[in-house]
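In what follows, a structure is listed as structure tokens, so that the remarks can point back to it.
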Amino acid sequence: MGDGGRQPHPALHHRLSSAALPAGRHLVQRRRPASSVYKCGHRHGGRRGLRHFAGRAQGARSAVYAARLRTRDGVQEHSAFVYVEDASAVVVGGPASPLALQVSDVNKDYVFLAWQPPSADGGSPVEGYYVERRDLRRGEWVRCNERIRGACQCPMFGLQEGTVYQFRVCAVNRAGAGRPSKATEPVLAADPLRHTRTTGQIRAPFPPTNVLACEVSDTYVVLSWTEPEPRGREPLTFYVERSQAGKSSWELANLDTEVNSPRFPVFDLAKGKQYRFRVRSVNKYGVSDPSEPSAPVSLGKPQAAPAPPHSVVAVRDTHTSVLLQWQEPKEKDDILGYYLYYSESGHQDWKTVNNKPINKSRFTVHGLKNRKEYVFRLKSVSRAGNSNYSDESQPVLVKSAISVPSAPSAIALLLCTGAEMVLGWRAPACNGGDPVRGYYLDQMEKGASSWREVNVKPAKERLFEVCNLTSGHLYQFRVFAANMAGVGEPSEASEAFLCEKWTMPEPGCPYDVQFREVGNGSLVLLWAPPMYEGRSPVTGYFLEISQGDQSDNWTALNEGPICDTHYKVSGLQTGQTYRLRVLAVNEAGVGRASLPTEPVTAESRPGAKNIEIGVDNDGFIFLGYEADETDDESKFLWNKNYTEPIDAKRAQAETKKDGSVLTFTDPSEEDLGLYTVELSDSPNHSSSYDFTAEDLGRLKELSWQVRNPLIDLKSGWQVEVSDQGDVRLWLQTESLSDAAELRLIFNDREITGTPHRKINFDKDKGLLEILFDQLCRQDEGSYTAQLKDGRAKNQFTLVFVDQTFRQTLALADKKRRDHQRKSGPYFQEYLAWTISEDCELIIKCKVTNTNKDTSLKWLKDGAAVSRFVYDQSSGVSTLTIPQVTEKDAGSFRCEVSDGRGEDVSTLELLGDEYDKLLQQLGERSALSASPLKVQSTAVGLMLYCSLKYYMSFLKTSWLFKEKRIDQETRTKPGSNTEKVWIEICNPTENDKGKYILKMFDGKETRERHLDLSGQAFADALLEHQRLKQEAIAEKNRARVTKGLPDVVAIMEGKSLCLTCFVDGEPAPEVTWLRNDKEIAKHTQFDITKEPRCSTITINNVTMADSGKYSISVRNQFGAETVDVTVSVYKHGEEPPACAVEMGFYA
């Protein structure tokens, strides 16, 4: 070869829907020596579908992708359909994104949008669309329509000239708005004719021409016209006028809108009416004449959704694809294509096949699961929306359609005798969907030009002896595989084999090398012994491995020879590709290597299953294997140690749906070993299990339990007493069948239900109950429930005697009485006492089940109590005793009654209970104690502590400088119900220091402290001295002690004598006054003064002597004045009622 033996790389081209696929920003092509990868980078949309792309791709990119390989021998092409699914909906049940959004008819202020409806509606029909636009300078998306638009097209008006826009569309259904479509490429709003028009030297513009409706729908009309020619140099706008057909009046159609381009959408037309339109040109010099009117225009008919396709037929194609065909509807002019949907049969879990409408009536659906059954349905797609779903296709099983097998490969010479050659070969990679029924061989001597048939009858095995050969000649062979579909292509011709008798001492090559149980990092290799052993028998085998699919760098796997014809290869790198080969060895040495295996990747097949061991419902030990990709023709091949057939007397294999079970008759140690299983038409579906002695022991125990089952117990015997006093004995087992049987034994005697003792047996819940309406002594004993359900049985015993029985009987009696009590009003809370924070005793109870006739009364020691409170709405009644004394001890009773019955509650506040009350009262009193305070008095200093309620039960003691203060002449402790104190008489400097009051409530001692020293003592002492002086002054001051009434009455002519007693030290000075004036000595008045007494006599009283008389006493410590009113009345008159009558005749 002219290039040094190197062959040129073949030319590889990637294509999309028959067009070359260039690499770019989103698509990257990577080539390796023997492969090529095309990657689709980040694009708009979700990720799913045919699994050839990484990243996210736009739904519109769903298409057929192909790789075309051009070599010297010709062109080979492989293709696949790639489906790109939308991202998940933004709202649950929301529709997918609209597709293929296009912009057309771009003008200065107008564009026209059209798109395709989404393939997935989210479960409810698409009701319409929102259109959004974005000014690239601002960056934010703005919704263009407040109301959703029904059709998949619409005009966009009011754009700004010179602005670059992008547009996108969201579909809306009952759940809400879905994800937006892919945004359009940036669009510049500009005049498309600016480079071609002529301007001319004109000022006032000419009218436009050719006014017509370029787009008509059921909701709008888009008008177009031709600009005047020439148009002038000045900027031109337009007035659009309209008139109903048949009328002569015209009105402006664009009242609030400036029209800058020769396009204008009109939305406010009335349905069923015809209109004519005309247009005027406008520039700064004026307005042109109107154009010629358009032809009559009216709104179009609403676009109806298309009819769905029909006659949907699914046909088997490959092991992962199905060919789908359908009949198009009769009216198909507006149909853009079809959306396809599939679901596993019986699941109703529909998935979308394509996001780009298929415009043909057949399509191959890829990416399906082999051996699964599917149904299909379609929708027609148009601008008016999607049709309803078509009828479902008949179910189809995904499986390759039957075709001829592919070519066998790897022809090897296994033995040569000089006249015969034994050949072996590798099975076809694809059997065409039907098992290979036989093989045909051709032979050709080297140098000949034609092949000669070797066998007419097909060879059943991949091994054949070719006879009648000539020794010393070279022969080539080729092999054909045949199945029900016919004979396939021939294999590649073998190398030229020399027909010469083998005499070498080493063995020939092993053959039929196969893989089993390929998993992550491991596989099992099987092979057949060489047909030529050499001069001595084969003693073992060596295995060699090569990493990669073409490398000839072989490495030994085992140091010593392997005796078996199978071997588990471990320690491989997961995901790495390998080839293996086997060499036989005898006493003479190592023989020829087998042909290398096909490349194999050391990774588990998705969904691969392992053999599981267990015990069936009949107690038989079994090995089970599940396989996903099976059909009626699949066979499961069970072996022991890969090659030994299963003894039918010891185990039976049975094929079930999606699997096979090998059931042992009576397993023993003879059945231990390695068991293998594989699918006849798919050997790569294989597994093995090592049945060990440990498994045998464990499963035999489980087998015995299955054949001799026990009814499982959920809850053993329980004893319950209801609020009414009824007794329930019960137990619960697992759920039982309707055929379950019960025998109930009481004290060795079978019993049944009676009115006194009811027996309930709920088989479905496994619940057994024995109900006693009134338990009695005759019910004491043992209860045994004997249960049987098919083969399963069990019995459960309750020993209901002695203390357990007695306690239950007592509780039932108590609850029965309590239930009877509660038939009328009763105490929900019995009498109980508490001490409040204010040291009050509160006795409280609560009654319930009362009515308007219910009465409640309190008693203490048999006497009625009236000061209680009863709230009938809440049922709470309280008796509050503000200050507890010994007379409050006693027996309290509360009675509630009406016509239905009565209830009583008692409380004994005597003995220990009363002591407990006093202790808590003392505790509460001590807790209420205020801090120690000092109060100055005339006698001395008083230290005191205020309490909510003090009682003698609270023991108090006073300490001064940590020493107890005993009662002395100068210290006098005291107390009342609100205060505890100690009085220090005539305090001196020696009384300064820390004072402590200790209070003992019977359990705890609490203290209050006061540091009476420093300024606090000085201030208190000063105040005491002040009060003491005030007391002395008050004691010695002049005062009137007794003698004068407030008012006296005297008859005219009599004499009045008023005497007063006075006190004070020194003796006070006495002065009498009349009407606040001192009475001088006079013959009418006689005044006497003694040390402690003074008298005034008024002789021969006249009416003029009436008035106010006063006595005033005074000494150095104070003064006092006492008044008396003298009322003189005439003889025969009545004295005043309020006066004291006095007087005598002189």
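Just so it is clear, glycine is given a Cβ too, placed from its N, Cα and C backbone atoms.
Per TrEMBL, the range carrying the annotation region 'Disordered' out of 118-141, 286-309, 886-909 is 286-309.
Counting only same-chain residues 6+ beyond the ends of the region 'Disordered' (286-309), those with a CB under 8 A from a CB of the stretch are 151, 203-209, 211-213, 216-221, 223, 225, 228, 239, 241, 243, 245, 250, 269, 271-280, 326-332, 334-335, 338, 361, 378-390.
Helix, strand and coil counts from DSSP across the domain 'Ig-like' (1052-1127) read 3 helix, 48 strand, 25 coil.
Taken through DSSP, the domain 'Ig-like' (825-905) splits into 3 helix, 50 strand, 28 coil.
According to DSSP, the secondary structure content of the domain 'Fibronectin type-III' (509-607) in residues is 0 helix, 48 strand, 51 coil.
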